[in-house]
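Student: Below, the features straight out of TrEMBL:
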- Asp14, Trp15, Glu17, Asn19, Glu28: Ca(2+) binding site (BINDING)
- His84, His212, His216: Zn(2+) binding site (BINDING)
- 35-57: transmembrane segment (TRANSMEM)
- 69-91: transmembrane segment (TRANSMEM)
- 97-114: transmembrane segment (TRANSMEM)
- 126-143: transmembrane segment (TRANSMEM)
- 149-164: transmembrane segment (TRANSMEM)
- 176-194: transmembrane segment (TRANSMEM)
- 214-235: transmembrane segment (TRANSMEM)
Amino acid sequence: RMPSIFSYQSAEVDWCESNFVRSAVIAEYYNTNGIPLLSVLLLTPLSSLVLEGAGVGRVFPELQVHQGIFVPLLLAGLFSMYFHMTLSYVGQLLDELSILWTLAVAYSFWYPQAYFPKCIKTRRHFFWLTGITTVISTLMSFVKPTLNAYALNCIALHLLYMTWKELKKCNDKRVHRMAAVMVMWWALAITSWISDRWLCWLWQAINFPYFHSFWHVLIALSLLYCCPLVIYFDVTYEMPSFKPKLEYWPSDSWPVVVPYVTLEEPHKQC
């Protein structure tokens, strides 16, 4: 017999969308089909465009390791699909822990050394600090799983604070524009998430309980701008002899574009 933690609807969390309305095997139809589609079709293929298109991997092969961030992003999308399909306890933990470990990988590789705690002297020591913190956070996530999503969303506040600190040192209008667009998509995403969580009674009353699926799409769009922005700052710190530049495909005039990083002549202070 299948263990109860794998059973349908054994999770401690259930989102606003009604269960098993569109399918007998998919609990939340729109939530299931919304996210991974964006994660797989948007984010993962763009890993090569953001890095290889910029020439970063060719000039500094060691920085190709940053492409590893897109592997946990893909896994997070797949685990999230499994969770919303089954609403199982295991699915819930896989969904949340995959996001936690994706953030851990991002912090390990991209967190600027200038902001390391004073007791941390090297990137290798920071890896250990991040790893230990992640293991402890992983164990704590089993204590009260209903709080995990709130804790993970709070990490975004630290990322926004770090972005603000970097923008104060930078006069490039393209960088500020990209950051503004990223924050706009994130604000819409978190508004959708909170609306689905706290105003479910309202959306069910008007038969429109789909704001969590909007969250998936909007947070993916926010990441579409966040990843090259982080790479831009990382190149600024790790390759000071080069000047990174943000570009947009297919055109700057399009309302939604694919941003990427290119390298120009010797770096001047931003």
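Using the three backbone atoms N, Cα and C, a Cβ is placed for every residue, glycine included.
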Student: Spatially, and counting Cα to Cα, which of the binding-site residues is closest to His212 (Zn(2+) binding site)? Options: Asp14, Trp15, Asn19, Glu28.
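Tutor: Closest by Cα distance to His212 (Zn(2+) binding site) among the binding-site residues Asp14, Trp15, Asn19, Glu28: Trp15.
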Student: If you count every Cβ pair below 8 Å, which range out of 126-143, 176-194, 214-235 shares the most with the transmembrane segment (149-164)?
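Tutor: By Cβ pairs under 8 Å, 176-194 leads among 126-143, 176-194, 214-235.
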Student: List nothing but the one residue from Asp14, Glu28 whose Cβ has the fewest other Cβ atoms within 10 Å; the candidates are the binding-site residues.
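Tutor: Comparing Cβ neighbours within 10 Å for the binding-site residues Asp14, Glu28, Asp14 has the fewest.
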Student: Using C-alpha atoms only, work out the spacing between Glu28 (Ca(2+) binding site) and His84 (Zn(2+) binding site) and round it to an integer in Å.
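Tutor: So the Cα of His84 (Zn(2+) binding site) lies 6 Å away from that of Glu28 (Ca(2+) binding site).
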Student: Any idea what the Cα distance is from His216 (Zn(2+) binding site) over to Trp15 (Ca(2+) binding site), rounded to a whole Å?
Tutor: 13
Student: Express the distance between the Cα positions of Asn19 (Ca(2+) binding site) and His84 (Zn(2+) binding site) as a whole number of Å.
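Tutor: So the alpha carbons of Asn19 (Ca(2+) binding site) and His84 (Zn(2+) binding site) sit roughly 10 Å from each other.
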Student: For Glu17 (Ca(2+) binding site), what residues in its own chain, 6 or more apart in sequence, show a Cβ-Cβ distance under 8 Å?
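Tutor: Spatial neighbours, sequence-distant, of Glu17 (Ca(2+) binding site): Glu28, Tyr29, Tyr30, Asn31, Pro209, Tyr210, His212, Ser213.
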Student: For the C-alpha pair, I'd like the distance in angstrom between His84 (Zn(2+) binding site) and Trp15 (Ca(2+) binding site), rounded off.
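Tutor: Spelling it out, the Cα of His84 (Zn(2+) binding site) and the Cα of Trp15 (Ca(2+) binding site) are 9 Å apart.
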Student: Quick check: with Asp14, Trp15, Glu17, Asn19, Glu28 left out, which same-chain residues have Cβ atoms within 8 Å of the centroid of the Ca(2+) site Cβ atoms?
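Tutor: The answer, listed by sequence position, is Cys16, Ser18, Ala27, Asn31, His84, Leu87, Pro209, His212.
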Student: Looking at Cβ-Cβ distances, which residues of the chain lie under 8 angstroms from Trp15 (Ca(2+) binding site) while being 6 or more apart from it?
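Tutor: Non-local contacts for Trp15 (Ca(2+) binding site): Glu28, Asn31, His84, Asp196, Arg197, Cys200, Pro209, His212.
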Student: Least buried of the binding-site residues His84, His216, going by other Cβ atoms within 10 Å?
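Tutor: Result for the binding-site residues His84, His216: minimum number of other Cβ atoms within 10 Å at His216.
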Student: Counting other CB atoms within 10 A of each CB, which of the binding-site residues Asn19, His212 comes out lowest?
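Tutor: Per-residue Cβ counts within 10 Å for the binding-site residues Asn19, His212 bottom out at Asn19.
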